[in-house]
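Trainee: Starting off with a structure, shown below.
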């Protein structure tokens with residue numbers, strides 16, 4: 001490795017550390033009971049520590065899950081997660097926004113379990129009007145089972161930006177002018193679940209869940225939604241739409257500046273393991289139109 005590339009790598013690693021520290025400090029420690037509700041799992045999901053911690057568990061009989069009490073139409077959503085440790089092969093921890101119905105919209109983080117010592121796979125996807133097939137997958141630059149890390153979705157009328165500890169990893173742009181559907185009309189709830197998917201999750205389903213290691217547990221804290229709450233057929237975000245939001249929370253107009261674009265390219269160059277826009281075998285008739293748009 002050249003001195004120049006070593007220097008670049010060291011600078012990027014230092015930037016990652018600073019971003020992680022700032023996110024940890026800035027994250028709201030709101031009471032999870034106020035914002036989230038457990039929806040299934042027969043007691044396997046718990047909100048504990050006076051509403052400051054939520055845990056989901058999976059055993060051979062069932063997984064578990066929760067959802068947000070509110071629906072949102074645009075916003076910046078942050079959640080700190082600590083994933084299932086050890087041999088989590090076959091398990092999936094899903095954390096996503098979704099509307100309902102056959103033409104639903106959806107914005108996905110999914111964490112695919114691993115054999116001990118192997119990296120988790122972070123799977124991202126975007127659905128618009130019931131159609132997805134826009135997967136990008138990453139490995140992470142840290143062990144997501146050792147501590148909490150912040151996973152964020154910034155969703156405004158022009159961008160869906162996926163972030164990890166404040167580092168952008170993916171920017172799905174509104175390209176409706178090119179015939180590409182974009183989620184913008186359907187309010188979505190936040191959902192999360194821990195479930196068994198050993199038919200596909202780890203090495204394409206070759207590695208099965210080891211139930212001797214159950215129960216598997218993922219932990220959540222510091223949920224924050226700076227978002228437009230949807231209620232009675234209307235949004236509560238007139239100030240955002242008018243462009244009068246404060247600079248500190250102006251996610252409505254936010255996009256990646258040149259520095260952030262550079263950080264995203266660094267992540268994608270070093271940690272992205274799958275990009276649907278380069279999968280020519282999957283799209284023999286031609287890649288989706290957004291793949292050729294800068």
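Placed from the backbone N, Cα and C atoms, the Cβ positions cover glycine too.
Heads up, TrEMBL stuff is auto-annotated, nobody curated it.
Dumping what TrEMBL says about this protein:
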SIGNAL    1-29  signal peptide
DOMAIN    1-220  domain 'GH16'
ACT_SITE  106  active site, nucleophile
ACT_SITE  110  active site, proton donor
CARBOHYD  114  N-linked glycosylation site
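Describe the structural context of each listed feature in the structure shown, including burial, neighbouring residues and relevant distances.
Mentor: The domain 'GH16' (1-220) scores a mean pLDDT of 89 in the predicted structure.
Contacts of residue 106 (active site, nucleophile) defined by a Cβ separation under 8 A and a same-chain sequence distance of 6+ are given as 96, 97, 98, 99, 125, 126, 127, 132, 183, 188, in order along the sequence.
The Cβ of residue 114 (N-linked glycosylation site) has 25 other Cβ atoms within 10 Å, all protein chains considered.
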Trainee: Which residues in the same chain, at least 6 apart in sequence, have a Cβ under 8 Å from the Cβ of residue 110 (active site, proton donor)?
Mentor: 92, 93, 94, 95, 96, 122, 123, 124, 125
